[in-house]
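If you check Swiss-Prot, you get these features:
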DISULFID  Cys128-Cys131  disulfide bond
DISULFID  Cys467-Cys470  disulfide bond
DOMAIN    416-546  domain 'Thioredoxin 2'
MOTIF     576-579  motif 'Prevents secretion from ER'
SIGNAL    1-25  signal peptide
Amino acid sequence: MASSSTSISLLLFVSFILLLVNSRAENASSGSDLDEELAFLAAEESKEQSHGGGSYHEEEHDHQHRDFENYDDLEQGGGEFHHGDHGYEEEPLPPVDEKDVAVLTKDNFTEFVGNNSFAMVEFYAPWCGACQALTPEYAAAATELKGLAALAKIDATEEGDLAQKYEIQGFPTVFLFVDGEMRKTYEGERTKDGIVTWLKKKASPSIHNITTKEEAERVLSAEPKLVFGFLNSLVGSESEELAAASRLEDDLSFYQTASPDIAKLFEIETQVKRPALVLLKKEEEKLARFDGNFTKTAIAEFVSANKVPLVINFTREGASLIFESSVKNQLILFAKANESEKHLPTLREVAKSFKGKFVFVYVQMDNEDYGEAVSGFFGVTGAAPKVLVYTGNEDMRKFILDGELTVNNIKTLAEDFLADKLKPFYKSDPLPENNDGDVKVIVGNNFDEIVLDESKDVLLEIYAPWCGHCQSFEPIYNKLGKYLKGIDSLVVAKMDGTSNEHPRAKADGFPTILFFPGGNKSFDPIAVDVDRTVVELYKFLKKHASIPFKLEKPATPEPVISTMKSDEKIEGDSSKDEL
């Protein structure tokens, strides 16, 4: 029995040794194959360069492209102070007494902004010269504003999650929080007096009493839009809720009265139940009546939904109304100037049914300042008017109306969008007639079919035709495609990121190279961050490919060895013909 047990143990031991040896042999073979493949590619590259092929030197991604997220790049501009403004040295600044400036982290941020009715918060970076210059002014303002508003600062380099949440793009960025909600970016003077004046105005009583007809007539004449409350009393809970809602709005005034005669001047009937509230505008839609619970939140939502025009013309002034709105979904009409009178009344009629759910926008397609650029961003081409829904948030999805521009059709589009029944529209070049080249051409309409094919590993370059870095990289990428064309499991592809789009293909600059592993397409692609050479890209693919592959090198021609005798005649050789 012992002998049998010993034999089994010995057999298992021998089997383990054999497996280990085989595994090492396979690994050695695999490593040897990779070394051989890399040596081949390096030799090919060397040959190219020795014949005047030139080389490509890694540079920063080209950021001249415009992604138009929230149409941000319709105008080139932006803040003065951005990441990287620290390529200089300055004299050390004297110490500043910041005793009244709170230091926030993710652990105390929510409590701080929630406990202070008015909280100003600066996101800064220690290396930022503009932040350092602001420090003494900010500290002095904090001391003067004690009891009225609280000031704080956050090191964005340490609190990355908060910086990402509030989409910090440059330093310093200063926000005003009202009752725990971020309401406004401070863009005033970076001085103590500038900060104090601005904050005092924001924190001052923002609701005004009207007790005489003369006051009412003056307000109605002067104000382009206003909110008016008819209350049981000018003090107490109703007035407090209205005042709290008023602090959330910067661009219109709030008024209140307890007089039925004055209320009537503001389109409120004397017999109506109090509290009553209206929003008056000197626009096509002149009046909106509030019919919700008389609370700060409900009033603020009503005002936000009704303060904008039914349809906003996309202009410099209109853009701020669109992007500062708390409503992110946009329903957009694209039409030329000579067709706007026909279609705008239709859009306004639809807008009445979807307040608070969409911002309705009109883009004049033939307007040189904005219309042409916005139409191009959305991929709206041709002369015919079009309507589409745009999500306006990070995913930036678009849904186009396929049908006549009628009230019913546009309402159905809006309702189907809200019910998540629509298929997104992607900007796309026409499908390529022939797509059998070494590098596959991807457009918006074949992205799913090729890039998201689970049976393939796909390397995708997103480029721009005008991008110099892309032009320099093109011959290298084409060579990689040529070397790998015979590998069925691997696709080397490219997409023009200026005329095609897909939510899975996000580019922060050009060129952007993404890798989509086979069998794993539900996850985000891998950003390829290696030197842009054939060898380094090949090494990346060997490491990350879900489906193992081996480079198919061109066969080396065998040397021809002659075995003919000296007196044999070559068939068909006319030089041996008789005289």
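Quick reminder: no glycine exception, Cβ is built from N, Cα and C everywhere.
Mean model confidence for the domain 'Thioredoxin 2' (416-546) is a pLDDT of 94. A straight line from the CA of Cys467 (disulfide bond) to the CA of Cys131 (disulfide bond) spans 34 Å. The two recorded residues, Cys128 (disulfide bond) and Cys470 (disulfide bond), show a Cα separation of 32 Å.
Cys470 (disulfide bond) and Cys131 (disulfide bond) are 36 Å apart (CA-CA, integer value). With helix defined as DSSP H, G or I and strand as E or B, the domain 'Thioredoxin 2' (416-546) counts 35 helix, 25 strand, 71 coil. For Cys131 (disulfide bond), the count of additional Cβ atoms within 10 Å of its Cβ stands at 23 [all protein chains shown].
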